[in-house]
């Protein structure tokens, strides 16, 4: 082992982020070993062994200034990152180096970012619900504690805002710890998130040990190697907290950029692309990441992942591969956003395996199904209304349409994180209130109220108050 660690090689080829390094034949690094550039902070990760002592690596950083003949040493281990309490309140990059200008991360323990998923007998399924305070999510696609949730949506329909609101509602109320992995997203959003967390005291500037969140960023201006591995860095920190017996929230924004970075790396390594240009190992790469995001008998990881949907096509291989791993899917729709209804969650497309009378209870289950039936009927009648108008509908259909439009508006809600833009204070709605409100609308107890009374309110009582003002 000492022989491998001391191994020194030299660069023989450099094409963009791909660097080929030659080592003595008896000292070949293993796949995923981290190599260090001598005289530079750059780290290379071994991806392939080409034979004759040559390995192909991906640069985890800018490869500007590299040239043939430069010396490279093998660390003899995979990339290791600091874990534990010292990471709380800090912003780190893919290698676990701090990027918040607050000095080194003084962690007692470091862990490799590549590790096996927990064994089958260690897993612990949970049926406990995680209340989010967002009506449409709690009613239609409730989250399981220790489950995996995907926020699916095209460009500009509100994935990041929904993610921020979930962090705001869950991370503050949740006594456990959170890990946020910014994978290939805008630097501005990472900056906004940090300040948002500082303002809400989830990050305590005066005493970082009191903080509740660790942040790992690999933004969209970074090389593909960084974006591909940064999700694993965040996950490793989350796993270490879980293995201490804690309940952890793991946020990923955006899982699609992880796939995209894999596509770039795959192309750079010369692999033959598969459907739509994705890497041939897409399902395997996604599975390796997702299988590690799981709850064990010791602690739990509840994961919320934003998933960009290219060209609003849910059948694209990337979102389609992600679907298979999730317990709940929150689908954001451009059509609903265009009506001015936010959060723009599609109540007919979004699903959760928790919607089962044995898990959520009969009342919740029946209310959810009744709401979906009314909305489905409205969807079927929309074409008839567009051609013939409302007057041609049967009385019961007119009633269904009126209730559906009220439900649609009542599914909207002002967010805490959007107060600056909307001017109205954010609302947190408890699950009991959500069920009571929708039950009343479906039962016809709100038929006398105008539909605009339901727009951007919290509980059903607020809708009644708003109706009085309108009338």
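Even glycines carry a Cβ here, placed using N, Cα and C.
For the recorded site, residue 158 (ATP binding site), the DSSP three-state label reads coil. If you take the C-beta of residue 158 (ATP binding site) and look for same-chain residues 6 or more apart in sequence within under 8 angstroms, you find 332, 337, 342, 343, 344. Taken from Swiss-Prot, the feature ATP binding site applies to 153, 154, 155, 156, 157, 158, 159, 160.
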Let's check the environment of residue 160 (ATP binding site): how many other CB atoms sit within 10 Å of its CB?
19
Quick one: of 155, 157, which of the binding-site residues has the smallest count of other CB atoms within 10 A?
155
Relative to the mean position of the Cβ atoms of 153, 154, 155, 156, 157, 158, 159, 160, the recorded ATP site, which additional same-chain residues have Cβ within 8 Å?
308, 332, 337
Out of the binding-site residues 153, 154, 156, the residue with the smallest number of other Cβ atoms within 10 Å is 156
Within 10 angstroms of the C-beta of residue 159 (ATP binding site), the count of other C-beta atoms across all shown chains comes to 27
